[in-house]
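K.L.:
According to Swiss-Prot, the record shows the following:
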BINDING   14-21, 91-95, 153-156  GTP binding site
DOMAIN    5-242  domain 'tr-type G'
MOD_RES   2  blocked amino end (Gly)
MOD_RES   36  N6,N6,N6-trimethyllysine
MOD_RES   55  N6-methyllysine
MOD_RES   79  N6,N6,N6-trimethyllysine
MOD_RES   219  N6,N6,N6-trimethyllysine
MOD_RES   318  N6,N6,N6-trimethyllysine
MOD_RES   374  5-glutamyl glycerylphosphorylethanolamine
REGION    70-74  region 'G2'
REGION    153-156  region 'G4'
């Protein structure tokens, strides 16, 4: 085997009926982790259920159903390969918690693939004021997904089919729209596709003779190609933040017989390795890491993106919980926050939000009520310029700079320092009513916390 391919994450966005599932299913089906046996099983079931047309969306429906039932499905099913990358689809919308997942997401997407439907009237519905196309694209940009690919889907159902004029019309309109959000259209590949029939998905289609391919320009250089797969291959690989101080939000804490306390989570920045003295914020508990495991194999060191379990000494399961953050006690350790200042974008709140509003915030793995202590200013979502100082209230569509105060100890960071710990979803009435990006944090002075014997011993050894 040659050198392993780089792993990248994409998120697929777009309006409900744009054909996201079919397109995604097609990629997974053709280049992906679904083995022949599973596909045959799905096809057989599809025929029995009279879904003979089957195609690709069904693959995705099956996977989604399993994911939502909480069956830990083989994540390989959500992966596929390009010439350069292993691609993981981290979430496909349509899932009720999509927005929340995208924010607290187990991972940051490196690129968003926006699917728009070219069918008569369909594109217009998706991009209309209340269509989801706009909201998803804005969210992706706000949350730091700076690369975008646009798939103009259902080219087979334009009038006439595979119409160049329709493709150009959509390209022009979407370009204007994404430019408003902050994307540079010159760096975005627009690919006319049919996710159902497969035109321009993996191979150039002869049914669009007018289409000469896409080409993009960005400061890292130019790229061009014909298909959606080519465009995915042209994604700029992410730099994984290994050099930064460790931040590892805990997803769970287990007590394992014969081993002891094992916190589990994903390394967001930095590295973790046996022998390291870690501090858990906001509780300020410091102890030594005895071992680090991933998929039941012990590691010398874990890096950003790795989901790991690590064994800590002299700390009981009761002292740690989901939402705490592990960090290196000797390198800019994490601390609890007194309050923090954030840009908040209200997505869908039926009323008015004023000072004192206290919804639940989902930030990395933490889930804690926070008070909107002071709405300092309303601002333009795109430029960040102030439009009104100290507004009495804000409502859907507004962006504002707000000071938030957590009701219980909480560990967050500025988005510019640690992106995964600096973005949050505001949940109320069982839905995501707003999203936020943290600009600055007012940290608590750590009160004397618990330092375990193991940490003291290890500290002396150094």
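Positions of Cβ are set from backbone N, Cα and C atoms, glycine also.
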K.L.:
For residue 20 (GTP binding site), what is the secondary structure by DSSP, using just helix, strand and coil?
P.N.:
helix
K.L.:
Write out how many residues of the region 'G4' (153-156) are helix, how many strand and how many coil, based on DSSP.
P.N.:
2 helix, 1 strand, 1 coil
K.L.:
Reported as an integer number of Å, what is the Cα distance between residue 79 (N6,N6,N6-trimethyllysine) and residue 20 (GTP binding site)?
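P.N.:
With distance taken Cα to Cα, residue 20 (GTP binding site) is 15 Å from residue 79 (N6,N6,N6-trimethyllysine).
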K.L.:
Closest of the binding-site residues to the residue listed as '5-glutamyl glycerylphosphorylethanolamine', Cα to Cα, picking from 14, 17, 20, 155?
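P.N.:
For the residue listed as '5-glutamyl glycerylphosphorylethanolamine', the closest Cα among 14, 17, 20, 155 is found at 14.
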K.L.:
With every protein chain in view, how many other Cβ atoms are within 10 Å of the Cβ of residue 155 (GTP binding site)?
P.N.:
29
K.L.:
Using C-alpha atoms only, work out the spacing between residue 155 (GTP binding site) and residue 318 (N6,N6,N6-trimethyllysine) and round it to an integer in Å.
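P.N.:
Counting only the Cα atoms, the answer is 56 Å.
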K.L.:
Roughly how many Å separate the Cα of residue 17 (GTP binding site) from that of residue 219 (N6,N6,N6-trimethyllysine), to the nearest whole number?
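P.N.:
Residue 17 (GTP binding site) to residue 219 (N6,N6,N6-trimethyllysine), Cα-Cα distance: 34 Å.
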K.L.:
Using a 10 Å radius around its CB, how many other CB atoms surround residue 20 (GTP binding site)?
P.N.:
27
